[in-house]
Amino acid sequence: MVGGGDHGDNIIHRMAMDDPIPWYKKPNLRRMYLLLFPCVIGIEMTSGFDSQIINAAQLLPHWKTYFGNPTGAYNGILASALPLGSVIGLPLIPLVNDTFGRRWCIMFGSCVMVVGTIIQGFSFNGPMYIIARGIIGFGLPYAIVAGSCLIGELGYPKERPILTSLFNACYFIGAIIAAGSTFGTQQIDNDWSWRIPSLLQMAPSLLQITFVFFLPESPRYLMSKDRFEEAKEVLITYHAEGNPNSEFVQAEIVEIKTTLEIELEHSKRSWRDLVATAGMRRRVIIGSFLGLFTQLSGNVVISYFLGDVLKLIGYTDPIFQSEYNLGNQCWSLVCGVSAALVVMRFRRRTMYLTGIFSILAVYVAWTICTAVFIANKSAVAAKMSLFWIYAYSPAYNLCFNALTYTYLIEIFPYSQRARGIAIFQFWGKAAQFFGTNVNPIGTQAIGWKYLLVYCCWIAFEAVVIWFLWPETSGRSLEELAFLFENREDYALRATNAVAKTVLHVEDMDKEAKV
């Protein structure tokens, strides 16, 4: 354990992993997981939908004509209005999330997004379209922060990393629907060719509004509000299939309760806590860099400006661009789900480092092929560029897509989890705003050489991950609460409470010495 040694033997994690009954054979847990998809895991579909609305809309003649053939900075602000709205809305998210609960925070964000989507679909000029996208962006992080917390805090420990990894993979479901619907509406010879896909963006939010209150509230949130019996009932129902005598749930309750008591004893539940200790400062640095890396690893170029990239290598036909884009989103969904399903098989650092070095290799190869095409008009180089764009997806999904929320939930303790994910969202949306404004200008100004900038930046990311990222796999959320703190008494207090409940041992430290 970074900073404080490894305390105990990870009792909760070991008990969960030793459970021989799969989730699909547990009726209550199965029902909860099936509900998690439409009302929580599907939240990121809105983000994916949005990236393709802008990407695919730029291929629609009526969208271009209606908004005055946007290029450069104007094109950038049309795309970046959403992350700008997200940055504005972030400061109040932890207050709503920790005061009213995860479900109400999701409901609030989803309602705001529906309003923004309606305005977007019926926009009559550029400024109205930009404002509408800003409103969608304002609501989106409320749902994302609360949803990612709820998944991590409701999931059975055995499946929690997979659930939080699937959260990001749903991005591509939204992207596929947006790319597919826009491809279909190309045949409509009027403004409804872009208005219909714009209105469809509210679909994930409507699912969340409809289903979110069918889910239980986070037991950790309930315990933090002294609603102990409600929290206990949630854990018994879903983690023990209604068995109040389950040893696992008894241990889980004791660990959560003890860890929350320790956290809240030493936390003022304010933004100042994020910089109060060296451990929290390191968490903030990692969360901030992770926000930057998820949006500045070259993915925005492909997600929002694929048309411009394809033009660089001679593919200017809108039909081909749309088909290639749709195919890329389907391939990305396969890669995203596959990466999420193997997250339990590998250590976190291994996946991050493999992913980032793969991204670097892909970007270098793509840059070389694009440069060769521009210099020699080589058809082979153009086709190889198409291959490397597709090769980017498994590399990116292996680390930044599969692990982002899994890792964030693991490194931030409950008392600062919402603020930590909000910090990540701030830097992620700020980077997205920067990228969507700068990318069209950069590709116009220096063409293929703009890809060299990303090659250098991705190399910097690899260095940061190598030296800064700790290992978090194989532990419960409560055990990870003291990941960076050199406080053996805090960790041992929680471990002893679990050991006393499960192993009937009074003091794990004394027992180990014996």
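Cβ from N, Cα, C; glycine included.
Taken from TrEMBL, the feature transmembrane segment applies to 33-54, 74-93, 105-124, 130-151, 163-184, 196-215, 284-306, 326-344, 351-375, 387-409, 451-469. Taken from TrEMBL, the feature domain 'Major facilitator superfamily (MFS) profile' applies to 36-473.
Counting Cβ pairs under 8 Å that are 6 or more residues apart, the transmembrane segment (284-306) and the transmembrane segment (451-469) reach 3 or more and are in contact. Of the ranges 33-54, 105-124, 387-409, 451-469, the one with the most Cβ pairs under 8 Å to the transmembrane segment (326-344) is 387-409. Comparing 33-54, 105-124, 387-409 for CB pairs under 8 angstroms to the transmembrane segment (163-184), the maximum falls on 33-54. Ranked by Cβ pairs under 8 Å to the transmembrane segment (451-469), the stretches 33-54, 105-124, 351-375, 387-409 are led by 351-375. Away from its own ends, the transmembrane segment (387-409) comes close to residues 148-149, 151-152, 160-161, 164-165, 167-169, 171, 287, 290, 293-294, 297-299, 302, 306, 309, 328, 331-332, 335-336, 338-340, 343, 348, 351-356, 358-359, 361-363, 365-366, 369, 417, 420-421, 424, 472, 477 of its chain (Cβ-Cβ under 8 Å, at least six residues beyond either end). Model confidence over the domain 'Major facilitator superfamily (MFS) profile' (36-473) stands at 88, taken as the mean pLDDT rounded to a whole number.
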